[in-house]
Structures are given as C-alpha cells and as structure tokens.
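Copied over from Swiss-Prot, here are the features:
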type	residues	note
BINDING	Gln87, Gly105, Glu106, Gly107, Lys108, Thr109, Asp511	ATP binding site
BINDING	Cys891, Cys893, Cys902, His903	Zn(2+) binding site
Amino acid sequence: MISGLLKKIFGSRNDRLIRQYSQTVRAINALEPEISALSDEALQAKTADFKQRVANGESLDSILPEAFAVVREAGKRVHGMRHFDVQLIGGMVLHNGKISEMRTGEGKTLVATLPAYLNALTGKGVHVITVNDYLASRDADWMGRIYGFLGLTTGCNLSRMGHEAKQAAYASDITYGTNNEFGFDYLRDNMVYSTGERVQRGLSFAIVDEVDSILIDEARTPLIISGQAEDHTDLYLKLNQVAPMLAEQEGEGDNVIKPGDYTLDLKARQVLLTEQGHENAEQILTRMGLLAEGTSLYDPGNILLVHHLYAALRAHSLYHKDQHYVVQNNEVVIVDEFTGRLMAGRRWSDGLHQAVEAKESVRIQAENQTLASITFQNYFRMYGKLAGMTGTADTEAFEFHSIYGLETVVVPTNRAMVRKDENDKVYRTAKEKWDAVIADIRGCVERGQPVLVGTTSIEINEFLSGELNRVDLSHQVLNAKQHEHEAEIVAQAGRPGVITIATNMAGRGTDIVLGGSIERQLAAVRDDETLTPEQKEARTAALREEWKPVHEQVLANGGLHIIGTERHESRRIDNQLRGRAGRQGDPGSSRFYLSLEDPLMKIFAGERLNAIMVRLKMPEGEAIEHAMVTRSLESAQRKVEQRNFDIRKQLLEYDDVANDQRKVIYQQRNELLEADDISETIRAMRQGVLHDSFRVHVPVDSVEEQWDIAALEQALASEFQLRLPIGEWLKAEPNLDDETILKRLLAAAEEQYAVKTAQVDPVAWHQFERNVMLQSLDTHWREHLAALDHLRQGIHLRGYAQKNPKQEYKREAFELFETLLDTVRNDVSKLLMTVQVRTEAQLEEAEVPPELENVQYQHAAFDEALGVATAPEAAQAAAPAGPKIGRNDPCPCGSGKKYKHCHGKLS
C-alpha cells in the first residue's frame, strides 16, 4: 500500500527514467535548427570532430545530444525519415546498456542507428544482432546509407560468406548479423591455428533486435559445432523396429488406466520405461541379438543401447511429422517451434535425429561429436556493453535483470494505442472452434477488413488453409515453407479483405501497412535511372495518391483484425501476435479462439472448464467468453514461463562450470597462438611429466628397497625414448640418492631434446611445438566436452544419495578438467620426446592441422536439442573476448588457488 502511494506521488522508476531522457530530448531538439542549417559537407565533418573529441578523453554521454541530432538530420536527408522524440528516448536507453521495449511499428530499426553511430565513434566496433539473414542484410543496406553518409563503414555478417568477407565485415564500424553467426564465429575463432585466421576483433557493444526471442526463447539452446563421430546406422534401424513393439502406459501411479511399457512426460519431452517395459525391452532385444543372454539392459556395457532405445521411443511418441519436422528431399528438416521456420541443415543431437530418420525411412546420416559449444547467455555476457530492443520485454523483465543484469525501460508510443483486445472464446471441441474462426474470417472479408490468423505450427496452418479452400475463401499462407516470400506477403497483409494465415509471427521484422505497402514500387521509381528527378517526384506522388483511399478504406473498416487459434506457452508470443495490429495509433482488434482440446488447455485448464460446460449444459457451438477464463489461462502461461525460466537458469548454472573452463582453455589457446616461442612452456611441462613418472617408481621419502628401477627404465624407454642405465649407476655409486638420480634424468632428457632440435631450423621447430600443443589441447577439449555432457545427463541421480547434484557436478567437472590438463601435458611431452624429425619438410607436413569431417553448426536445444544450419565452409571465426585472467587472480575453476598455481600452469 505504501509503495503504491509513493509510486503515485513520485512515479515508478520507469516514469522517472523517461522524464530524465525527455530532458535530453529537449536539448537535442534545441540543436535541430543549427544542425539542419549545415551543408552536407559540414554535417559529414561532424563525425571526424566527434572522433577527435572522444580520442581526447571526452565521454560519449557529453557528445550524445549533438551526435543524436546529427544522425536525425542524416536520416532526414538520406531517407526522408526524421527520428521521433520517443525514438530518441529509445536510442538513449540502448546507449545506456538497457532493454528498450517499443511497440511494433515504432521504428526500432531506425532507433538502432542512434546508439550504433555514437558508440562506433570509439573505433571498437558495434554489433547489431537480428534474428535472420534477410533482416540483417536488409537493415545493413537500409541503415548503412545513413552511416555511409556520415563517413562510417557498415558490414554484414552472413552465414554463407567467405573468410575474407567476414574479416572485412567485422573490421567495419558497425556490423549487422544474426545471433547464431556471431556466436559461431566466436567458437570458430577459438579453433584456428594462426592469429590471421580469426575474424572477430573483440566484443565491445551489441544491440540485440528482438532481444526476448534471442536472449530468452533461444537461451535454452546452446550453439554447438560438431564433427562426424562413429556410425551406428544398423543399431538405429533395429531399434526403430523395437519402439512400435512397446506400448504407452495410460495414467501414472495409483491412476493407471492401462498398464504399458513406458510413460511420457510431455512438458519435459522425455520417455521413461516402466518395470514392465524394462522386462519386455530386454526380451525383445535379446531375441534380436542386440542384448547378450543373461545380461541386463543397465549393465555398463549396454549404456549405448539404452541411450539409443530411448531416442527411438522419443522419435516415435514425442516428435511428429509436419509439427516438429517435415520430410523434404529424402531428409528430415526441423521446424523451429518459436518461429515456424524450416531450419535446413540443423540436426537434433544425442541420436534423436537419426532415430527420426529411421522412423521416416530416409537416409540415416552419421552422429556428430561436439567440437565447441557455448550458450547465448555466456556469449552475450562477454560484451563490454549489451542492449536490446523488442515490442514485448516487460513480462520477462525479471529474467533479463537476474541473468544479464539488463534493466527494461518501457518507451511510450509516438501515438496512443487504440487496438481493441477482446476476451478469449473457449469451445468444448476443436471443430466448434474452427467453425467460429471461419465465421469470424468470413465476417472480416465481407466488411473489407484485413485479417491475420496466427497458428502455432505448420500442421495447423495447412489444416486451416484446407478448411478455407473448402469454403472458397481465398487467402495467403505464411509458414516455414514460404519464407523466401514472407516479407512481401506480410507487407501486403493489410490490403482490404486480405486473409493471411501465419505461423508464429515473432521476428518477422516487416510491418503490416494498412492498405498494403507500396515500398517496392517507390524503390523501383527511386532506382530508375531513366527518370529525371522531377519525373521521380511526380511518379512517387501519384503512387501515394493511389494508395491513400485504399488506406483510408481499411481504417474505416476497423484496421487489421488478429485471430489467435491457440494460446502459446508464453504470453509474450501471444502479445507479439496481437502487436501486429494497432501500429502507430492505427485502429485494430484481436481475439483468441480456443478449445478444450488445445495442448495448453489439456495440460492446465481442460478438466475444470469441461466440468463447468457440462454443468451449464452449454449447447454445441456456444463458447465461454469471460475475463476470468482469460485470467486463468494467463495464470497457466505464467506457470509455464516460470518453468521455462527455471530450465534456463539451471542450464546457465551448469554451463557456468563449463564456461569457466572454456575461458581457461581459450585463453591458453590464444597465448599459444600469439607466442613466437613456447619452448620454455614445453620444457617446464616435460620436466613436470618426467618428475611425475619418476615418482611413480621412486616414491618421495622411500628407501632403495622400495624403488622399482627396472620398471622406471622401461617406462622412460617406451614413453620418452630415453634409455638410461639407472641400475648400473646405482651399482657403481651405492650412495646415490633419489634427488641426484632425478637431476641426471632431467639433464639427460634436456640433452637428448637439444640434439633433436639442433637438426632443424629453430623457427620451424617452435611452430611445430605450438601446433602439437594446439592439436592436443583441441582433441582433449572435445573429449572433455563429451564427458561433461554425459556427466550432466546422469548427475540428477546423485539426489537419491542425499547429495546436491550441482555441487557434485562442479566437483566432478573440476576433477575431469584436472585430468584433461594432465593428459595434455603428458601427451605433448611424450610426443615431442619420441618424434623423429630429420628434415623441415617432415615438420611442415606434420604441422597441417587435422581436417574435421562433416562439420556442422548446431543450435541444439537443452531439452529439445534443436540444431543449427550449416554455416559456410569457407567461413572462419570469432575472436576471444571477456576480461583476461591475471596470473595472480583467483582461478575461475573455483579451487581457491591463484591462476598461476592452478589452471594457468600450462601457460
């Protein structure tokens, strides 16, 4: 009550921030007459002036009013677009490293030019991140004209670009690209074998468009670069026959209606075998010769078999054609559940994709091994400054703040929003719902009102399209199968009486203009070199005059009407669909039609509402329409959002362990790449490994009778090619102590190594040492990633032993990391001691880094394992970022030791 009273008196924090920004807006507006009076040359000269002032120590904040006024003027001169006052506020929010919530149609693309220009003055580069390649190239071209006019360079980072083109894109002042591509470039930059192969130049400032989609929806999905692993094709085919032989159990616990072999967890997308299922599966697998007689499904040797059996069951019971994937050109192509797009080249991991391929009888492609991985949370937190824009962030403000430290500021609209959001209509059956949807669509067509129908999957999209064809209602379909034409379809979706059916509208990036867009015709006139400026002006005016009455007709008919055919798991995605209507103060309306057979209703509200409908004896075709129903649905969505937040938070807690280790490995890689000579590091490693090997056979503080000299001589000869007569030394010198023997051993090793290196050019040998070290580090890091993955999959079982799974994971991951570093030290030392090189040609041959087969770039979901499109073969990748770990800083692994005494020892 008191906080509410204080808010009324002083306003909320959001109100106070907007008031502060509004004062700066007044300062920018005061500069407008002066800036407008400048010639083009004088306006362009401002950029060099600003850069000099920044170089002299002036802060960006003090330059901001004048810089924003310059960008606003450039927008007017280049595109005839003047930034509104609220867009200036949005730009300030972004510059301050916050999230700017701006409604659909408020011009977020133009807003980004303000902070991008200002921050590019530092020369460190600005990354503007969008959700797809089409928007990245469109915005880079469109806004790049403003930056180019002001003397800044613009780059576009696309997935099909070559290495040199990527380097040029990153060298630009402002670089546009997709979140996936920036993340993959970072990972690839940490797999290179020379500094010249890197493309990124550090992570300074990022502006993320559709920030909720990228930092929330896709944050459950790590970026994974993988290469081909062992082939298990026969196993997939055999287990594909087993899955249909096992039956689903209906009900759980005391409420089992029909016993079965497995239960489904629809929320977690998991399958669990019942006791009956274990027995049946073992019998079937034994009959098929996959399981040895008398062995259990859970014997250590059968771990792979269990893993693939579960994958086959998930493929058959949880992943459905035309909903989760489509079959195209004899391949299984995943459908992105957030956007409804086809994700060609992406693959589910953990054998699931191969199980689906076996189910659909298409060619089974080999499984992959993880080469590098990072989550979006950990990638974006490496930027020195991070900001984002979206139309719907307020519902997730807590998550943005708790995970990314980002505050959300709701920016007021330029014009008041007048869209009418009507209560949901809930029907008993899907048939009644679809009848009502078609009746509403028909009413819109008769009124001449454009209508956009949102669906949650391609399957429903195509079902509704078929129903509309049946009743002779012409329409256009926008889903993953037509994404090449999507911008044009969306642009024309505002014409009178046009029906557009679309899967998830998140990230479409194109405004629906009432009356239809004439941007393409205007662009054709602008680019027509046969026309004089006067003719261009006349044609442009004529096009606008033709469009005006159509626009006014749609306004009079009520603007765009939005129909939702199902509630999404997230309120935010429902709001994104609604937000397509009512842009820039236009009229519009929205309504959701639901049935008790919808997935979300089944899980959360179906039984209760069904009981109410039966009790009220509601006739067929009658709907419940009440604010209470809408509220209860939003409450159900909040529960799902909370669960998804918990999943993302848990993923982050586990990935933070891997991230700390990743930082150590990547820092050591970069130190290796940048060093001309690592011979001292190699020498220290060699002496450490020899010392450890010696102490295995000659323990500290032991007597001679406990020494195993014969085994020591054999180990030195076989592992290090070091043949020393230690037994004879002891016979000749009975008083020889262990420390003296160790010193002689180390001296002999150094002498032998020096003889070997003297045979070749020192520069070539140093390069060889570095490449051996890099290859060993990379190989064992990949194996370590797989080990961490397996550890994480089974760690929850520690809870049954009254242990904290997260603490156990941290402890065991640390032990695995210690083993990784020891293995690298051993491998490198032994290889360099045993390798026989006589010519520099042999060295050069050995230096060639191993070619990785079938490299794929996956964006695999944490629980649903979504994979990512293959990036260009020629494309290399990204540079290390984040603060460097000092030698005396605490080691990020959490041991409590200094970095130089812990994981910095390798360096």
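Glycine too: its Cβ is placed from the backbone N, Cα and C atoms.
Recorded features from Swiss-Prot, shown on the structure.
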residue : record           : Cβ contacts under 8 Å, 6 or more apart
Gln87   : ATP binding site : Glu106, Gly107, Leu110, Val111, Leu114, Asn414
Gly105  : ATP binding site : Asp511, Arg583, Gln584, Asp586
Lys108  : ATP binding site : Gly90, Ser100, Met102, Asp209, Met389, Thr390, Gly391
Thr109  : ATP binding site : Asp139, Trp142, Met143, Asp209
Most distant Cα pair in Å, residues Gln87, Gly105, Glu106, Gly107, Lys108, Thr109, Asp511 binding ATP: 17
Additional residues around ATP, ordered along the sequence, whose Cβ is within 8 Å of the centroid of Gln87, Gly105, Glu106, Gly107, Lys108, Thr109, Asp511: Met102, Thr104, Leu110, Val111
Cβ neighbour count within 10 Å of Glu106 (ATP binding site): 24
All-chain count of other Cβ atoms within 10 Å of Gly107 (ATP binding site): 18
Count of other CB atoms lying within 10 Å of the CB belonging to Asp511 (ATP binding site): 20
